[in-house]
Amino acid sequence: MGCITGTWRLDLGLMVLYQMTLFFSVQMLFAIFLEYMPKTYCTDDDYCYKMKNKCLTDFIREDDSQICPYNSTDFKQCVLDAKRVDFRSAQFDYQQDCTGLKHFSSSTATFIGTLLGNLVLGYLSDTIGRRPVFIFSITLGVPALILSAAINGVMNFYIFRFIVGFAVAGTLTVGWTYSSEMITPSRRFRLRTFPNWANARMMQVGVSWLAGEWRLASYLCATLSATVLPMIWYLPESPVFLEQKKKFERAERSREKIAEICQLEYEPKPREEMKDLKKITPMKLLKSPTLRRNFLVLCWMWFYVGMSVYITDLNSGDMAKNFYVGQFLCGFALTVSKITIGLLEPKLPWLGRRLLFLASQTIAICAYIIILIALWTNNKESWWYTVVYIFAYASQSLCLETCYLSLAELMPTDVRTIAGALMNILMKVGTIMASTTKPIKFWYEPLLFIINLILCTGGVGVVWKYLPESKNMNMQLVGQDEISEEDDEYSSSTKPDDVTSSEDPSHNHSEVSVSEKSEVTEKSQKSENN
């Protein structure tokens, strides 16, 4: 990026960092590959049959092969085709879902790890900082991902997948909080559109296709994910976090580092312009009617969206005739929609968080209804079922964008990562519940989408009534107007010893970012040149 200067230099770097962070975090979806089983299987004596569940030995042997009749002229070629496995998974090797672990899959172990990780890492991030927790998560998760494939044994596999899930909690929650605090506010939406979950999903599909089996795919994913470490090591701590903790000297050094990255001259503001921000604790958040309402609405959104997305996603293995094509198309449709919205959002002031959520959720509800019709009329093998399923996944996943953006823009800095951790815990509860619904697919598949319809209809009602618009919200001042002076423990007792940057108190609703100083300096340099 040597030819790029100014705030774009930092912002583009953050976008690359966040994309690779998402690539590691998408290990949550790698469970689809880890638990994949082919639709047909052939025994050692070339008896081929259609699989009705994930167990290779659970079949009724008939006189003639169900797939390749013994007296057919092309019997050998038919057997070769039927033996072909699109992806050799951990389930294919270990057959763990055919043991006492039937209701405790590898995806469940990963999600439980993520749930517990949010309890620990979210608190640490709001206590000791975003950057150290971010670094710890990557240095823990990458080796665990390698060991999950390198060490044989079902229990070892489950233990290391649990650790991977624990690390993903840090990269998901802390990675998003750190990046959203560092990037220029006008580009915050682009941070969730250009680098996105769908791109990470397509990267994972590509790696899995190249590898062809889960062990090599795990090694490749770990290698690519490790690129996050040198990037986050080079970047400084979030000045927004440091200023909220009143660590002004460190915040100034951090902003100087940012100005150096942007190749701009850093000019600190005079001390008297520093706004004394109020300390907002979790108890103060719950006592404030407005903050409490926003928190509870976000809790419901994260829980039900997480559950409905993963019910859709974890059962998508057979939504297309070709496994890889179906998974790739899901990611492709989502990334195209995200980039399109990312390009339009700055030009459309009316395209806010609420409208994006409600429109996406409505499309998903309509898609679930059509999926139910297809299942009830035995049209699951049709091309339009695949198309509608992709629409259902992409539109439901777009609802996650509002969840993440609203979290960053409606929760105060002091409790942003803690709140994000709690939201992720609720989402993981939803995903764990989603992972336990997989047996329903072999019992009565329409029930999966009936559950989604009920959840999503209730979600639309709550969001319509209670979710406030938060587009371009000043993240550093979120909740400051909701806390009275009497409740503020630091309102007059603590004064800054050193000054970095802040907002003019008369502009409480203007945009703010850690690169704002650099942006101002950049503009002043341009004006001088002109």
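Using the three backbone atoms N, Cα and C, a Cβ is placed for every residue, glycine included.
Under the heading compositional bias 'Basic and acidic residues', TrEMBL lists 504-530.
Residues or ranges marked as domain 'Major facilitator superfamily (MFS) profile' in TrEMBL: 24-471.
Sequence annotations record features per position, and here TrEMBL assigns region 'Disordered' to 481-530.
Beyond its flanks by at least six residues, the transmembrane segment (12-34) meets 1, 4, 87, 89-91, 105-107, 110-111, 114, 138, 141-142, 145, 161, 164-165, 167-168, 171-172, 175-176, 179, 182-183, 190-191, 194-197, 199-201, 203-204, 208, 214, 217-218, 221, 224-225, 227-228, 231-232, 235, 261, 313-314, 316-317, 327, 431, 435 of its own chain at Cβ-Cβ distances under 8 Å. Residues or ranges marked as transmembrane segment in TrEMBL: 12-34 (among others).
Residues 27-28, 31, 34-35, 90-91, 96-97, 132-133, 136-137, 157-158, 161-170, 172-174, 314, 417-418, 420-422, 424-425, 428-429, 431-432, 435-436, 438 of the same chain, all 6+ positions outside the transmembrane segment (104-124), place their C-beta atoms under 8 angstroms from a C-beta of that stretch. Taken from TrEMBL, the feature transmembrane segment applies to 104-124 (among others).
Under the heading transmembrane segment, TrEMBL lists 133-151 (among others).
What TrEMBL lists as transmembrane segment is 157-179 (among others). Within the same chain, residues 14, 17-18, 21-22, 24-25, 27-28, 34, 90, 94, 96, 101, 106, 109-118, 120-122, 125, 130-131, 133-134, 136-138, 140-142, 144-145, 147-148, 151, 191, 228, 238, 404, 408, 416-417, 420-421, 424 sit at least 6 positions outside the transmembrane segment (157-179) and bring their C-beta atoms closer than 8 Å to a C-beta of that stretch.
Below 8 angstroms of C-beta separation, residues 285-286, 357, 364, 393, 396-397, 399-400, 402-403, 406-407, 410-411, 419, 422-424, 426-431, 433-435, 437, 448-449, 451-452, 455-456, 458-459, 462-463, 466-468 of the same chain, each at least six residues beyond the ends of the transmembrane segment (294-311), sit close to that stretch. If you look up TrEMBL, you'll see 294-311 (among others) marked as transmembrane segment.
The feature transmembrane segment is assigned by TrEMBL to 323-344 (among others).
Annotation comment: TrEMBL describes 356-377 (among others) as transmembrane segment.
Below 8 angstroms of C-beta separation, residues 176, 188-189, 192-193, 197-198, 298, 301-302, 305, 308-309, 312-313, 316, 319-321, 326, 329-330, 333-334, 337-338, 341, 353-354, 356-357, 360-361, 363-364, 367-368, 370-371, 374, 423, 452, 456, 459, 467, 470 of the same chain, each at least six residues beyond the ends of the transmembrane segment (383-405), sit close to that stretch. Per TrEMBL, transmembrane segment is recorded for 383-405 (among others).
Annotated transmembrane segment per TrEMBL: 417-435 (among others), in sequence order.
Per TrEMBL, the feature transmembrane segment maps to 447-467 (among others).
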Compare 133-151, 356-377, 417-435 by their Cβ pairs under 8 Å to the transmembrane segment (447-467) and return the stretch that comes out on top.
356-377
Whole-number mean of pLDDT values that fall within the domain 'Major facilitator superfamily (MFS) profile' (24-471):
83
